[in-house]
């Protein structure tokens, strides 16, 4: 039971001991009060004066009353009020209420005449009734113990007392250096105005740079969404988070101290103070967005390492990882949201008078330790462990395929990309953690030094512990803000490649309008250049001609406007095998119709309907080609007679071998891709070009759009 009572008393009085230290009396040194019946006093007094020198200065306002002796008890009352009685048994003895009422009634006229402001702490209604007939005991050993008590006065630490201009109204939950209803000063308590201006400009510049980099990553994703699948997709969400973080710091740079600081109130004698708590709506919104997306960006990086580990270590496919996307989003957005709500409920919002934003843990070490430092350390540990496990798995795969030079080189490049990207993220983040740890260790020393430097200016007690003064360096805070922002730039490295440049070039090319007439001229010019180039090669290799391997290329240029899914002015080239030889300078113009966009032209002048079009970009499989050709061969044998008659009606002679040549042509598996829909082929021009026999056959390339 005694132990429980001791523990309860310790919990009750521990905050008082923290604020004012242990109780200690000290001898009176004020000359006017040295004639009193007591010679020991204790500070601070009822008015909050922390030593006798300040109390003596404040007593000078009441000297007219003492000099004119408006009341016989005026000096007794003033000494008991400003230099209170202190005994080892009763501790502090304030003046009695009856004494206060008698002195105030006797001196009221002089108080009004001289305009003396009566302190609120000395209002008689606040004092208690006491028995003044009890004499104050005088200890004869007091003079002998005087020097010892004076030594205790020098070493006594009564803790931090909040200056008057930093006090806040009740109910807002402000707390500074362990004192309730007290707020930090604004501008920053550690740095000068010129240093703060330089730091704000630096933070604003870095935030703009990081914002541009992260937006570039996100816009690259929007250009080609299918390019970034899992396990790489978290990089995009990671970039979005840090783009919001950069935007918040840029907004703080524009707002200055208007959001992070409270304006001074001259009527209440309050100075500029830092915003603490969630009463300021603008500061609360900045805090919610900044803290939420800072934590979310870190969690998305951890999820990125998880997806890499599943792909490299567990051999999961992209589709299998993508099925877990809902859980990834739940963790990435749910965890920061939960922490943000907890901080709002605990009223831990704090204004940052360096960057202009609002965050957590700037003045509260516990909040910084549990809501910033601990989550970041946990994310770094988990992410680094999974990253190392994935790299070890990839290295094992590289050793297995060491005889496959091409795949081994690709895997090596991929591992290098992962290593560089992880380094660009981990190095700034670990540096940021180092800044937070260093601040945790030295924050108390910085605060004691600040109190020691400004205690006389603010008329508050000066701490005696400040023997080795230490002040924070501006470079430390600038590194902390730099590492906070530069973490998001690492995503640019992952998307920075030749393919990204090609995608951006194609994006601007598709969005640039072209003149239809100029485009038609350009198409015709390219066709002529192509014909002349390949015709010269045919002349050069005329002697080496083989009828069974000769090929023709047909280039179709559409000058109309297509309403279909394919692009206008499309270009398609097909290789057609023939067994006869055409003239080297023969140029045949083929008029297309809505039914057929192209015809396969044979060397003897006969034309046959083209084969089925092949899908864009997808090469035909062997099984599909054989089944398709077997069906088409029957149709072509039945239509051989009609084809010959059609050729004769157009003024061309069809040899008897047309039917057999048709079968031979089908065996070559020729496919003619169409450049546009049939409705857009009116007025199109087809050019028949003689290429050399060694020209390479193009497959599946007819859907490429020039626009």
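Glycine residues also receive a Cβ, built from the backbone N, Cα and C atoms like all the rest.
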Message: Are residue 233 and residue 414 on matching sides of the membrane - judged by whether Swiss-Prot gives them the same topological domain name?
response: yes
Message: Quick test of your reading of Swiss-Prot: among 181-201, 265-285, 286-306, where does it put transmembrane segment?
response: 286-306
Message: Labelled transmembrane segment by Swiss-Prot, one stretch among 418-438, 439-459, 502-522. Can you tell me which?
response: 418-438
- prompt: When Swiss-Prot marks a stretch as transmembrane segment, which of 119-139, 140-160, 203-223 is it?
  reply: 203-223
Message: Looking at 326-346, 347-367, 536-556, which stretch does Swiss-Prot describe as transmembrane segment?
response: 326-346
Message: Please identify the stretch among 326-346, 418-438, 475-495 with the greatest number of Cβ pairs below 8 Å relative to the transmembrane segment (372-392).
response: 418-438
Task: May I ask for the residues of the chain that lie six or more residues beyond the transmembrane segment (475-495) and have a Cβ under 8 Å from a Cβ within it?
output: 199, 202-203, 206-207, 209-210, 213-214, 216-217, 220-221, 232, 235, 238-239, 241-243, 245-246, 249, 294, 297, 354-355, 417, 420-421, 424-425, 428-429, 431-432, 435-436, 438-439
Query: Does residue 353 (N-linked glycosylation site) have same-chain partners at least 6 apart in sequence with Cβ under 8 Å from its own Cβ, and which are they?
result: 186, 187, 188, 196, 257, 260, 261, 274
Message: Return the count of C-beta atoms lying within 10 angstroms of the C-beta of residue 39 (N-linked glycosylation site), excluding that atom itself.
response: 20
- prompt: Per DSSP, what is the residue count of the topological domain 'Cytoplasmic' (224-234) in each of helix, strand and coil?
  reply: 4 helix, 0 strand, 7 coil
Distant-in-sequence neighbours of the transmembrane segment (235-255), which means Cβ under 8 A and at least six residues beyond its ends: 200-201, 203-204, 206-208, 210-211, 214-215, 217-218, 221, 228, 286, 289-290, 293-294, 296-297, 300-301, 304, 332, 352, 355-357, 481, 484-485, 487-488, 491, 494-495
Query: What else in the chain is close to the topological domain 'Cytoplasmic' (307-325), if you only count residues 6 or more beyond its ends and a Cβ gap under 8 Å?
result: 229-234, 386-387, 389-394, 397, 418
